[in-house]
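Trainee: Grabbed the feature section from TrEMBL, which reads as follows:
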type	residues	note
DOMAIN	20-193	domain 'Glucose-6-phosphate dehydrogenase NAD-binding'
BINDING	Lys154	NADP(+) binding site
BINDING	His184, Lys188, Glu222, Asp241, Lys346	substrate binding site
DOMAIN	195-492	domain 'Glucose-6-phosphate dehydrogenase C-terminal'
ACT_SITE	His246	active site, proton acceptor
Amino acid sequence: MSDPVSTPPAAERAPPATLVIFGAMGDLAKRLLMPSILNLMRDGLVGDDVGIVGVSHHDADDAALRDSLGQFVGKGDDAETAGAAWQALAGRIHYVRGSFEDAATYATLADRIEGNAAFYLATAPGFFGTIVDRLADAGILDESAGFRRVLIEKPFGHDLASAQALNARILARIPESQIYRVDHFLGKETVQNIMVARFGNALLEAVWNSRYIDHVQITAAETVGVGTRGTFYDATGALRDMVPNHLFQLLAMIGMEPPNSFDAEAIRNEKAKLLAAVRGPRPERVERDAVRGRYRAGQAGDATVPAYREERDIAADSRTETYAAIKLEVETWRWAGVPFYLRTGKALAARDTEIVVMFKPVPFALFRDTDVTRLPPNRLVLQVQPDEGISLDFVVKKPGPVVDTREASLDFRYADSLPLGHRTGYETLLYDALTGDQTLFQRADMIEAGWAAVQPVLDEWGKAGDPEDYDAGSAGPAAADELLARDGRQWHRIGA
Ligand code: BG6
């Protein structure tokens, strides 16, 4: 029998281009963007016709930028090959010093670019609108000499109104087709795999609805505290930082209808439809259906953390939450009546990003002496990180003359057969931006739908009250357990 799975064509090398990084002396550039470019070079997906221009206000020059960007090169298990790629790239890295607000910066930049260019805004979010305005004023976003694409990091706005305002400001200067709003969760292999698991397997899609699914849990737990990001985090909080963006992207992958093609717009249309159907708690339900927590001092995994309010750059009277849990409904034919419970937090028991799909119990107690309420329902766990994989729990008969049951599990772990390799997750995003594929980037309507769903919670939490304290290294505040217990359910154990 012939292999029914055809071999996909090898990905093509990205076209020649200049990658301009605003905020080039910052963390994102050296920790994630540079290693990603090197990985792409090593894979032959980016050639020696791609150069880098870093823009920043720091007093530096080409050599200083190269030093800064080279800091993390070859720190993984790939030291040798990364080193070789770095030698080839370093000579094509140039620095432009200047303020992001100053027209002169852009005049200098314009002289450094010809042909294709992608602009990566790895800056504080307050600069996003200004940089796009100045680039456009300087004529740099005109595409007559080559493509000109703008990549914008999160956070995109800090609530619905500010996200709408930022979208309006940017869209007044360039069309959606030139805008690549980054949500780095979409660069993760296992997140992209959700779509393949769903739409490549008849078995799953057949039961993927309210008739068979009881509820869905989406978790992004971290052991680390806020570390050095106190200023940013205290003004942001767990909900804004993770929920309307990263967790909603996972939700969209789980909930979307099958697109009618693999085109970027077809996929983004389906995700946008799903996100527009997400209903967060109404104001009067916020207290019941949304939970906020804040960590106490303690040991979380390998991390020893001080109490949140004792962390560097955190206000002593801060009311910012470091944990958020929320119950959502998705108002579509497929999902009516199926709750989605989302939670995320810092200083928790384990690093664990996962989606748990809980199926309904079987309808009838068939087995003598085995009460149906004792039959655990099927459970599908999509493990995004770490230990990436998929597992399905189901019931089997225990060997022996009497019919008795126990739980078993079908486990697929990437590490066993398809190692993911040393990847940052930004490789795909950079490659897609250079090749013009917007599938994995957020469109204006998706961003706004995400904020709209959580806005009542932001409003209520902004008015009064404090988060509930939880111990570092625990599973979060007690109220989060009560949220599910009220519905007769419980969370999947963090790190299980
Ligand atoms: C970022 C958040 O967007 O995502 C961080 O700002 C968070 O607070 C991070 O730690 C989590 O990403 P990852 O890839 O480590 O799961």
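Note that Cβ sites are derived from N, Cα and C of the backbone, with glycine treated the same way.
Annotations in TrEMBL come from automatic prediction, not curation.
Since we're looking at a predicted model, the values are computed, not measured.
Explain the structural surroundings of these features, please.
Mentor: Following the DSSP three-state reduction, the secondary structure of Lys154 (NADP(+) binding site) is coil. For Lys154 (NADP(+) binding site), the same-chain residues 6+ apart in sequence whose C-beta sits under 8 angstroms from its C-beta are Pro125, Arg181, Val182, Asp183, His184, Asn245.
In sequence order, Glu222, Val224, Gly225, Val226, Ala238, Tyr295, Val305, Thr322, Tyr323 make up the list of same-chain residues 6 or more apart from Lys346 (substrate binding site) whose Cβ falls under 8 Å from its Cβ. Under the DSSP three-state reduction, Lys346 (substrate binding site) is assigned to coil, being neither helix nor strand.
DSSP gives His246 (active site, proton acceptor) a helix state. Same-chain residues at least 6 positions away in sequence with a Cβ under 8 Å from that of His246 (active site, proton acceptor) are, in sequence order, Asp183, His184, Phe185, Ala220, Thr344.
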Trainee: Which has the fewest other CB atoms in a 10 Å radius around its CB: His184, Lys188, the listed binding-site residues?
Mentor: His184
Trainee: Using other CB atoms within 10 angstroms as the count, which residue among the binding-site residues Glu222, Asp241 scores least?
Mentor: Glu222
